[in-house]
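Colleague: Got a structure for you, questions after.
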Amino acid sequence: MSVGRLWSGLLLLLLFFCSRSSSCGLSTHVEIGHRALQFLQLQDGRINYKELLLEHQDAYQAGTVFPDAFYPSICKQGKFHEVSESTHWTPFLNASIHYIRENYPLPWEKDTEKLVAFLFGVTSHMVADVSWHSLGIEQGFLRTMGAIDFYDSYSEAHSAGDFGGDVLSQFEFNFNYLSRRWYVPIQDLLRIYDNLYGRKVITKNVIVDCTYLQFLEMHGEMLAVSKLYSTYSTKSPFLVEQFQDYFLGGLDDMAFWSTNIYRLTSFMLENGTSDCNLPENPLFISCDGRKNHTLSSSKVQKNDFHRNLTMFISKDIRKNLNYTERGVFYSTGSWAPESVTFMYQTLERNLRMMFTGNSQTALKHVSSPSASYTLSVPYARLGWVMASADLNQDGHGDLVVGAPGYSHPGRFQIGRVYIIYGNDLGLPPIDLDLDKEAHGVLEGFQPSGRFGSALAVLDFNKDGLPDLAVGAPSVGSGQLTYNGSVYVYYGSQQGRLSSSPNITISCKDTYCNLGWALLAADADGDGQHDLVISSPFAPGGGKQRGIVAAFYSHPRRNDKESLTLDEADWKVNGEEDFSWFGYSLHGVTVANRSLLLIGSPTWKNISRMARSSHQKNQEKKSLGRVYGYFPPNRQREITISGDKAMGKLGTSLSSGYVRVNGTLTQVLLVGAPTHDDVSKMAFLTMTLHHGGATRMYELAPEKTQPALFSTFSGDRRFSRFGSVLHLTDLDDDGLDEIIMAAPLRITDVTSGLLGEEDGRVYIYNGMHTTLGDVTGKCKSWMTPCPEEKAQYVLISPEASSRFGSSLVSVRSKERNQVVVAAGRSSWGARLSGALHVYSFSSD
């Protein structure tokens, strides 16, 4: 049988299996299980469960997807749908625990170890589905995705999200860890189901056939499903942007909850279930005598969106099965994806040359940073946020960097903040491992608190020394409250920060996510910076309306003081549910008055008629809006609204001084990174979905509303041009350079069909800014042309690293530097993040 015939059949199977049902998510669940295992540490008991799971990856990975095996109609016409449903809930886990304890006492033989590994994978799937599908909880991933991108339709979000998550996983992640064989404990499963139901409900052949289909599908996804990236990216910007990071049901949150259920499962395997509370919903299991009363623990039907599907599976797809006494192994044999990978890579290279050419790098391209800083801990999110300030008061700019995903074994996503001091020549000009060579480190102490998600430097207690505020928005995740906290560390005469927080600010509201963003800005009119805190996910009087609050700096701030959000000196809320008010913050002085700008990128323009008649399709989704306040006044003075659905105006904000047609002008930049634009290639036109755009407004004291001066646009679909904005003077001419990032940009114009992300950062000289469509006036045959108009273009040194996910400028006596974060770089460790330093001078 030819490889081509077999893979044609397998891809056909994949197409029908996933695109017409909602039972997919294989790649997503395998990835969650892989991440959960990375930092697993179960110290109590007689078994080293991490070693057991690492040894039996074949069973563990099969378990992570098993609960969905009997949902799709291709599996025996869907007759065993209810068996899959029951496998998602606590009674199945309880039956499995009792079965193992009654039949296989310690020490376990290898087949029993495989059964245990398989069960751990199943439990990961259980808790992941609860937060992903919002089962018994509010504001899980798909519920929020539906509210923002699908007119509040959960069913549409479900249909796009389950398989879309797999597409995104295969496009963004390397699955080189996937086992080439899987093990399913058939005989043990039959007996567990007998005990659970009290009768026979399924046969050996059904389990074998349906789990083997999952095995085939998983390897089929490895081959080609990433090529559907453009389709699913168009459907949901939320899916692309929040898939890993969303606080309740993002990949990292689901991995955190997997580690929790592993701890409980190991306890029950060794001690029984008598000391445990076992509600129907596995997310609420507890074995410490405490119950979570915050949210409902009732069972909710997981999957009811499957369509009928019947198809013939080609007999050419030969079953590579090896039965044992208690189970069965599935193997790829000679038809593994690796056997045809070379063919696809060669085709991609040849076609990519057609679309991108092989010309020499343009002179304005900067492809090599002067230094790169990394970590050796995976998933750390190094560079999620950065700040620059002279912390040690030596006259040189220093760099402060957040890594909210930083973990230790047994301490998942506690987060870290790193400090790197500058000198006359700027930041260290050599590559660094920040865990070993950073000048200062602060570490979070709450499980999955994501300490380091936001940073602000200010003199909070007005003692003349810089203090550091750090956001940890997921504090309370273990209780499913996600209240969040902000910690303030006081500076000292020695130039060092306190080793523990001097001030803690907390929020009592569930899903408050306090500390998602921080800003140092004057909020009381005394000319000194105050602490501005925001959370776009906070209730704000509804659901995810968002809040922004300010705490004034003053010398009466006591050491070890605890504050709550209710004690804020100034506070405003968002207007609409899921409008994400406070997603971005920016402070600027206009005519000696402090203007606070607040972005609300998912704001909708809901007409009164649509609101009264509940006609959701009359809304324009995610237009975005920017609000301007002159604190301490709480009255809104400025409003800038988006005009394109899904454009998300207000995602990013920055301001500075440039020359516009020769006139010195104070300007405001507002990013709309998912704005659609039109590209022209000779006589052809193409819509650049989510290519991104940035508006430049004049900030004139005599005008009540900023006047639109110029626009900039990206040149690739889905590139998120303008998602990060910054203005700073790099050449010491008194004018700010305009810096714009496109972290999801793809080199070729096929938007993922032939290439990977290779984000770019564009630097425009502040001396030569023009009115109108800046990137639309092109000499080349293609528009827009953001590269043609730029003075410098910083090129990502690593594919698929989200180069440009954040950036900051650092000043020293000899040079000015730009630090660009690649938030998903794998240079130091898998998806750990990296910082790239670029130096500029006035010469």
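Note that Cβ sites are derived from N, Cα and C of the backbone, with glycine treated the same way.
Reproduced below are the annotations present in Swiss-Prot:
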- 1-23: signal peptide (SIGNAL)
- ASN94: N-linked glycosylation site (CARBOHYD)
- ASN271: N-linked glycosylation site (CARBOHYD)
- ASN292: N-linked glycosylation site (CARBOHYD)
- ASN308: N-linked glycosylation site (CARBOHYD)
- ASN322: N-linked glycosylation site (CARBOHYD)
- 368-429: repeat 'FG-GAP 1' (REPEAT)
- 435-498: repeat 'FG-GAP 2' (REPEAT)
- ASN483: N-linked glycosylation site (CARBOHYD)
- ASN502: N-linked glycosylation site (CARBOHYD)
- 564-625: repeat 'FG-GAP 4' (REPEAT)
- ASN592: N-linked glycosylation site (CARBOHYD)
- ASN605: N-linked glycosylation site (CARBOHYD)
- ASN661: N-linked glycosylation site (CARBOHYD)
- 707-773: repeat 'FG-GAP 6' (REPEAT)
- 791-843: repeat 'FG-GAP 7' (REPEAT)
Colleague: Near ASN483 (N-linked glycosylation site), which of the glycosylation sites ASN94, ASN271, ASN605, ASN661 can be found within 10 Å, Cα to Cα?
Modeller: none
Colleague: Would you say the repeat 'FG-GAP 4' (564-625) and the repeat 'FG-GAP 6' (707-773) are touching, if the rule is that at least three C-beta pairs must lie under 8 angstroms and be 6 or more residues apart?
Modeller: no
Colleague: Near ASN592 (N-linked glycosylation site), how many other Cβ atoms are within 10 Å of its Cβ?
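Modeller: The answer is 8.
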Colleague: Taking the glycosylation sites one at a time (ASN271, ASN322, ASN502), which has its Cβ surrounded by the most other Cβ atoms within 10 Å?
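Modeller: In terms of Cβ crowding, the pick is ASN502.
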Colleague: Measuring Cα to Cα, how many Å separate ASN322 (N-linked glycosylation site) from ASN592 (N-linked glycosylation site)?
Modeller: 77
Colleague: Within the repeat 'FG-GAP 1' (368-429), what mean pLDDT does the predicted structure show?
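Modeller: Summarising the repeat 'FG-GAP 1' (368-429) by its mean pLDDT gives 97.
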Colleague: State the Cα to Cα distance, in Å, between ASN94 (N-linked glycosylation site) and ASN271 (N-linked glycosylation site), rounded to an integer.
Modeller: 13
Colleague: Would you mind reading off the Cα separation of ASN661 (N-linked glycosylation site) from ASN592 (N-linked glycosylation site), to the nearest angstrom?
Modeller: 25
Colleague: Using CB atoms and a 10 A radius, I'd like the single residue among the glycosylation sites ASN94, ASN483, ASN605, ASN661 with the highest neighbour count.
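Modeller: Counting every other Cβ within 10 Å of each candidate, the maximum falls on ASN483.
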Colleague: From the DSSP assignment alone, can you count helix, strand and coil residues within the repeat 'FG-GAP 6' (707-773)?
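Modeller: Secondary-structure composition of the repeat 'FG-GAP 6' (707-773): 0 helix, 28 strand, 39 coil.
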Colleague: What stretch in 368-429, 435-498, 564-625 has the biggest tally of Cβ pairs under 8 Å against the repeat 'FG-GAP 7' (791-843)?
Modeller: 368-429
Colleague: For the C-alpha pair, I'd like the distance in angstrom between ASN605 (N-linked glycosylation site) and ASN592 (N-linked glycosylation site), rounded off.
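Modeller: A Cα-Cα distance of 33 Å.
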Colleague: Rounded to a whole angstrom, what is the C-alpha distance between ASN592 (N-linked glycosylation site) and ASN502 (N-linked glycosylation site)?
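Modeller: ASN502 (N-linked glycosylation site) has its Cα 32 Å from the Cα of ASN592 (N-linked glycosylation site).
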Colleague: I'm trying to understand the geometry here, so how far is the Cα atom of ASN271 (N-linked glycosylation site) from the Cα atom of ASN502 (N-linked glycosylation site), in Å to the nearest whole number?
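Modeller: One finds 41 Å between the Cα atoms of these residues.
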